[in-house]
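Accompanying notes for the structure given below.
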Amino acid sequence: MQSLSDIPPSIYLFSCPNCGRSISTYRLLLGSVCNICLEEDKEYKNIGDLIKDIEKQGNLIKLKDIQRVLDDYESFVSVFRRLLGFPPFGPQKSWIYRLLSGESFAIIAPPGLGKTTFGLISSIYLYLRGKKSILVFPTKSLVRQAIDKLSSYIQNLAEIKENPPKVIYYYSGMSASERKEADEGLQSKTFDIFISTNRFLIDNIDQISSTSYQFLFVDDVDTALKSSKSAQAILKLLGFTPSDQDKIKESLKKYRENTQKNEQNEYIFEEIDKIRKDRLASKTVIFSSATLNRSNPILTSLVGFKPGSSVIYIRKVYDMYVKQPDKEQETFNLIKSLLHRLGDGGLIFVPVDKKQEYIKRLQSELSNEFNVAAITSTSATKIDDFANGEIDVLIGSATHYGILVRGLDLPWRVKYSIFVGIPKFKFRLGEKVNLLTLSRLLSLIALITKDQEVIYISRRVKDKIRRLSPAALTMLSVQAKEGKLEDSILLKAYDLLNKYLSNQNVLKRISEIGDFVLSPDNDILIPDYLTYVQASGRTSRIYAGDVTTGLSILLVDDFNLFRLLNKKLQYILDDIQWRELDVEKWTAGDVEIKNLISKINEERNEISKLKNEGNVAPALQKVKTVLLVVESPNKAKTISSFFSRPSIRQIGNMRVYETVLGDKVLMVTASGGHVYDLTTQDMGIYGVDIMKQNSSLVFIPIYNSIKKCENNHQFTDFFESNKCPRCMTTKVRYDSLKSINVLRNLAVEADEVLIGTDPDTEGEKIAWDLYLALRPYNSNIRRAEFHEVTRKAILQAINQPREFNVNLVKSQLVRRIEDRWIGFKLSSILQTRFWPEYCKSLSSNKQLNCNENKNLSAGRVQTPVLSWIVDRYTEYQRNKSRVYYGKIDQLQDIVIYVPKQDGVRKNSKIVVVFNEINQLEEEFGPLPPYTTDTLLSDSNNFFGLSAPETMRIAQDLFELGLITYHRTDSNRISNTGISVAENYLKDVLGDKYTNIFKPRSWGDGGAHEGIRPTKPIDVEQLRLLIEEGELELAKRLTNNHFKVYDIIFRRFISSQIIPLKVRKEIVKIELYGENKKEKINSNQNIIEVITGITLPGIDTEISKFAYVPVRNVSRSVAERLKELGRSIPTDFSIEISNSFIKSTVNLYTQADLVMEMKNKKIGRPSTYATIIGTILRRGYVLESLKTKKLIPTRLGVEVNKYLNENYGRFVSEDRTRKLLQLMDMVEAGQEKYEEVLKQVYEEINEIR
């Protein structure tokens, strides 16, 4: 970042962290407060030092709460250090801060981050503050461990050694004396710390819930929420009544209804928040777990947070494959060979189609040479023996809910996995499949057939699966196989499945898009890719801030199925890399297996050492808590879901998603876009103060927070202190200052703050404003830049943050001030001078208010664009004439157009002579990937979508991680993008893809790319992934979303293949009167017909992925004439059926305007849609319903005339273009922003 002297000055109203007065950029950059709170210009690196200096001055106001928490934090750290010998590290610091702030929250984090230690030390610290604690653990062994740890801590702390807390505890198997002491302590309520199992809590909830306490720590919340009974026990312990729960149920129902209607939900959050605050006023609740497979919506709403899951998609697994031998004994021998060389710590997964008998035979065969055990629901205790090293290798089923697949988290023990075949779903036609497969196949059938009954039943089945536990799903699947199923929805689902799978056409379509293989025995095989990810992921876990290295070896029993597995894995893992294992050479590609195993063993030994010594401090030192701020909630939700199912904190109206990235605990939240804008108060020149300094002008923009009223009007400044200036309501539903205050508190918790707003000038300005607002609270703030919302791009942005680009900020500042000055100046003239005169001329309308019209506006770019529309309409009117037309009966799709002339009228007959037909083949394309202007143009031309609507859709697709950044004028495609095209074509065409694949970068290097898909998924596959629930998006997609995605995908794929071959026929014609004596004049001397489009080298239907901007492909005219028994020359008599008015000049469409702005260089990717939207919204232009042509209104014509006659030189096309070029030079650091603003300032002073 540049020096302070080069930073553009600004004033932020109501933004001093301490007093809420105005504060300058300079003071915020120092990490300080306003000069009223502190006179000295001093830089601060942390908020603690800042608070101390303010307190010395006796001026501490709003920062008192943070001071209290920081003081308590120091006391807590002192206790922590004395107990453990080292201070808290990484996420523990954030947990402590949140606890001391009185926040209830969930800790969902992998082993080794000190969750239990934190809970125990918290109870001791709170005892020192006179507060009682209840700690709940899932098993008696964990209760005993907690008691032992707590006892040793108490002995190590001098100030409580003589007066220790009274600790009572319960677990099965206690001695009679211990039980008696615990009963007495619980009945008399004289304990300080109470520890019990979850089971005891449920059985004795009435007695325990009557006890007053201040801290509840629930370890292994997954167990605590295992049943509704245990969830109810926790709710009762927290003090929530059945009435509270009924209110929450009703509120959640309202929330769902409002969301579907797109109505406001803020008041619902307020109602829930009120209940929560009433019940938890004096309590802090912390849920802790390594995993979470279930949650309770009532409980999560009441406590104000939603636990997540550490089902981590961050993995460091070497994925290898080798062909599985055909014979069973040869397979067993191969596995033995692998085990001898890999050693202990292995998991062997057997696909479910091989049945339990296969597992028994495999166990028996291996037991002769290795210490192995097969795991089932009845032998799960053997996992403990494996964890302790008494068993070397475990064998289990490769099924999504298998014990080894989901119930194992042993990073110190598990080193590798072997899959004896591809995990799969296998069934025969007519067989009762398991519920997960049933749901997937119904989704496919619904997508293909559009049968409303199937769609309805499919959704009901999905809902059931989401609600049911793994055990319940297994039970229902067994009932279905045994013919004992009674559930009417599921029975209907199976009937529909069998009905459609017996239809060969449906079966064929399913096989085309549904990713399954039909085996020689007519079995349907579907790769179970989620099971592969989960099972292989057991070998690569997070422990104490590190992701362990793992090895996965897949014995491939079907290479077609392997191809489908890999395709599916690419959807959820950005860059999985398969290496073929050479067992004899003991290598896989460039990997020496011996070296890899050595590395894995070293890691496991280090983890075991950390675990046994209980000292994870060195490892935790590198674990950081990172706050990532983006603009939109959708983007925040999408990003957080890349790494696990995140836990959710609800703070006011803001959601904070928390997830784990190995050495980082990531908090992701959204600012809601811009948080500041220029004030509309009477300050300076339209919100910009101007000072003279050393004979130069200094421009100081004055910013205020952004507000929104209940009617969704956006503004910065109230009218009469509390009213929306547009509609005068006093109900304000949003003020960005509230969001800023939440972000400030989060910044105190974090070790690092990253701001990941959009990668353009607007995004940089949002990031800059947030940086300044947060700087006093955290000095470690940087910019995270990414051009696509994918796991890989986000990780790169987080791990390689950059400094803020002040030149981009300056450029945006110039754009905004120029827009404000010229806009406010000319708009006020239109509203107060032009309107009264224009209004009076509309004498027929007496209802109009002719004093002032606030809806009128003018702008630097807006006005030239309006001029184009008006001028084009004038030319259109001048060149209008009538055109007649008729169809050739024998060739219905050929229409003949005839200009108005003597002898041509409706119902008259003419003769069309076909003189010659020439057939030719032309190349089409490839066209480059979309830029903003070409996307807006095609979207308007193909679908009639407006520019603003297309930009909203593209923004959604970007934020949901489906396309790259959409505000771009670059065609460049990165190597990552090229690989997306290659992977897709390889999947669709197999080895033939090389016949058409021709990678192109379309430009030199740089950060920006053309608009492209982020994954090798066409629109049909996208619909299927969403319908199956395999791709869960933060927002529901509409048909228009799919349409826009489809053309983006096609245009991109076409940019990476050879040109299309387009077959055409050119028919030369002449027109005559009915008697064939008089020749008729016509502009139509030829008929051009496209008869085919192909890609040489493949025989696959190209319409699935190729960009073909041709709506109709017709049958050959020559062939049709031959069928009619005609030869060239030949003639047809036609009747003129109708006519219409046509001009030789076409009116503009929105697509045309975008291209015009691009070509004339007076627009930007970020402004095209806004400019067109403003012109339409002001009523200057109307858009025709059918043809989507833009027609100026009388108001638009008069506004254009008035502006050009009186202020033409300020809003001319040439002046606008030159000013935009200057702004680009500011962005590139080639022009001083002050000089550009000086020019604009001098200009507006000339406007009278």
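Placed from the backbone N, Cα and C atoms, the Cβ positions cover glycine too.
Checked against Swiss-Prot, the range among 7-44, 653-690, 767-804, 1033-1070 recorded as zinc finger is 7-44. Checking the ranges 226-255, 586-615, 706-735, 826-855 against Swiss-Prot, the zinc finger annotation falls on 706-735.
Report note: the Zn(2+) 1 site is defined by Cys16, Cys19, Cys34, Cys37, and the residues of the same chain whose CB lies within 8 Å of the CB centroid of those residues, excluding them, are Pro17, Asn18, Gly20, Arg21, Ile23, Val33, Asn35, Ile36, Leu38, Asn59, Ile61. Tyr965 (active site, O-(5'-phospho-DNA)-tyrosine intermediate) and Cys19 (Zn(2+) 1 binding site) are 39 Å apart (CA-CA, integer value). Here the Cα atom of Cys37 (Zn(2+) 1 binding site) is found 42 Å from that of Tyr965 (active site, O-(5'-phospho-DNA)-tyrosine intermediate). Cys37 (Zn(2+) 1 binding site) has a Cβ environment of 23 other Cβ atoms inside 10 Å. When the binding-site residues Cys16, Cys19, Cys34 are compared by the number of other C-beta atoms lying within 10 angstroms of their own C-beta, Cys19 comes out lowest.
In this structure, the C-alpha atom of Cys16 (Zn(2+) 1 binding site) lies 34 angstrom from that of Tyr965 (active site, O-(5'-phospho-DNA)-tyrosine intermediate).
Applying an 8 A CB threshold to same-chain residues 6+ apart, the list for Tyr965 (active site, O-(5'-phospho-DNA)-tyrosine intermediate) reads Asp758, Pro759, Asp760, His787, Glu788, Phe958, His1008, Glu1009, Ile1011.
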